[in-house]
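Pulled from Swiss-Prot, these are the features on record:
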{"type": "BINDING", "residues": "24, 81, 120, 456", "note": "(6S)-5-formyl-5,6,7,8-tetrahydrofolate binding site"}
{"type": "DOMAIN", "residues": "216-379", "note": "domain 'TrmE-type G'"}
{"type": "BINDING", "residues": "226-231, 245-251, 270-273, 335-338, 359-361", "note": "GTP binding site"}
{"type": "BINDING", "residues": "226, 245, 247, 250", "note": "K(+) binding site"}
{"type": "BINDING", "residues": "230, 251", "note": "Mg(2+) binding site"}
């Protein structure tokens, strides 16, 4: 049920100059505003070309007006779109005209929020709009579109329906003890529960892949000066993103580059060489490098394989281990194999540490090994056509639902406690409901929609 009565307006197209710009309105004043601006009564879902006029009848622009009466519109309310020339001054004049007619400026994401509140789409679909706009690769855009079309929501709804059926069976047995249903002897509850757990595990895995394509991972390149860190960044980026010289300390600040490997986004950070220095600026760069190391998903510790001290790379900089105690997330890169004559390849020690020997000067000397290794570190798989976009909050909700099902199963098998199982099933259903918005606090909704673009 729609309780929003204000009419909102915003420029729906990106800032800057363009061939076409769109001002969008939603609310009860949309039809009246369209008539005032165009001077005619707009036929629903028809394109009307003509002048857009101000309050004095002067022409502001010429373009197309489209009116979509609710509830058959994106927001579920009356919607007006004014498509004119995409100059910022023209768009601003047209927007100001709408505000003069009683509209107010829309908040970021408010159009999508109204669509959600009016049951035109659920929360996961609304978030997919933002993900589609922000997609940084073809596969990420395809996944976001599938989520917008309801692929993710359908999977969640399927899990929810299965949980509801299971809850009905369990709670009926609790409420009618005279039926004397033995949960364990019956076996029906455990079979249903395990089926839900299996499907939930599949959705978790697919959602994890979707989140990878959306968020990617942060990879920090660290090491001594002149180890070849910037050359490695340039090879991964496929361009001269960093300055490369023989002068130690050329890189004095963190340099960030956004790249893709088979569609997976990587945020690669090149850092200042790790060494003791009296240079104030370089010292700041080293401090920032250590900070980046501590925040990374994966660290590539680059060593010059021709240097005498390369035999014990972790001893080169003791503070490195202080910043990154989980050495399992550090990959040792023995660089300059073209000079040292070392065999190009990848080795994994008994304790799980990975060493890759390569040359950052030559793309065919170990770079493909590194790319495959980075994909494997994040558990990346070539995305199937059925995949969808997901966010970290979705993964957390799925994790919580899984934890409740695991706990409920343990309560049933160890103690035969049907009442405790029923409560865990309820909480699992609520966790899934947070994904689609069936159970979401106002604070959560506010945070989600405030991250959208204005006009969306």
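Any Cβ shown, glycine's included, is placed from N, Cα and C.
Look at the binding-site residues 24, 120, 229, 336 and count other Cβ atoms within 10 Å of each Cβ; 120 has the fewest.
Rounded to a whole value, the Cα-Cα separation of residue 272 (GTP binding site) and residue 230 (Mg(2+) binding site) is 9 Å. Of all the binding-site residues listed here (226, 229, 230, 336, 359), 230 has the Cα closest to the Cα of residue 81 ((6S)-5-formyl-5,6,7,8-tetrahydrofolate binding site). In the structure shown, the C-beta of 359 has more C-beta neighbours within 10 angstroms than that of any other entry among the binding-site residues 226, 359. Regional average pLDDT for the domain 'TrmE-type G' (216-379) in the model is 78. Within 10 Å of the C-beta of residue 230 (Mg(2+) binding site) we count 24 further C-beta atoms, all protein chains included.
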